[in-house]
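What Swiss-Prot lists as ATP binding site is LYS15, SER178, ASP179. Summarising the annotation, Swiss-Prot assigns substrate binding site to SER55, ASP142, ASN158 and lists sequence analysis as the type of evidence.
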Amino acid sequence: MAEKSFDNWKKIVVKVGTSTIVQENSQINLPIIGQLVQTLCALRNQNREVVFVTSGAVGVAINQLGFKERPNEIPRQQALAAIGQADLMAIYNQNFSFYHQITGQILLTYDVFDNPKMLENMLNALRELLKMKAIPIINENDVIAVDEMDHQHSFGDNDCLAAMVTKIIDADGLIILSDVDALYDRNPHEFANAKAIKRVGSITKQVINLASGKSNLGKGGMLTKLKAAKYLLKNDKQMLLLPGSEPDGILKALSGQEIGTLFANEYK
């Protein structure tokens, strides 16, 4: 991966999950959010177009309301999503304003991708935001998408949503920040000698078997990231899986440093 050049990544989708911005004790990780925003603004200063996909609305609300865990009742999850989304955007806007960076919120559901007219309208708005040098901030609309909140048709903590956005806007690549800093040959939480896999050219059954577990506050896990990677590889796109604990790793990886796992077709 050290020899890989990402200079041609001019349009990038960056996705962050709940486990990166909300800690296990339900506290909002403001230092990480600050570093992340600084990194996204640095990408903009490199004249790259940036689309930011974020999870965390429910996790933020859990913190704000002092809940111990994510509730199972869908109406309560909807209410938390509504509260948390407003708080989450306020936190992001406060951080982005320090760098005088304009942002715009886009909330999506599966219906948007299934409806050509709705999809066209969304893309028109997103393209205009990019022309304005704004950073679109995308999240799943959990207030409306009830079926997705009980995880029957979940985007997967926005991993698959980010992959679909990457494809539909013809971005050069997707970067996913995760609580796991790479894909490993075995579970790094259980095996101290687990080794990071630097590059994956196809999502085989063997690769899928490496995925296990998920965070308590979010809906995703390594399996949803592999699902996103498989979708992107099928559409001739690339994906980087990087540690969420080090947002500036995005800049290091794009400069060619060997960080995380790159998912790319063999001929890339």
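Just so it is clear, glycine is given a Cβ too, placed from its N, Cα and C backbone atoms.
Structure coloured by features recorded in Swiss-Prot.
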residue: LYS15; record: ATP binding site; Cβ neighbours (10 Å): 30
residue: SER55; record: substrate binding site; Cβ neighbours (10 Å): 30
residue: ASP142; record: substrate binding site; Cβ neighbours (10 Å): 25
residue: ASN158; record: substrate binding site; Cβ neighbours (10 Å): 29
residue: SER178; record: ATP binding site; Cβ neighbours (10 Å): 26
residue: ASP179; record: ATP binding site; Cβ neighbours (10 Å): 21
Rounded to the nearest Å - Cα separation of SER178 (ATP binding site) and SER55 (substrate binding site): 11
Between SER55 (substrate binding site) and ASP179 (ATP binding site), the C-alpha gap once rounded to whole angstrom: 13
Alpha-carbon spacing, ASP142 (substrate binding site) to LYS15 (ATP binding site), which is rounded to whole Å: 17
Integer Å distance between the CA atoms belonging to ASP179 (ATP binding site) and ASN158 (substrate binding site): 14
Cα-Cα distance, maximum over LYS15, SER178, ASP179, record's ATP binders, Å: 12
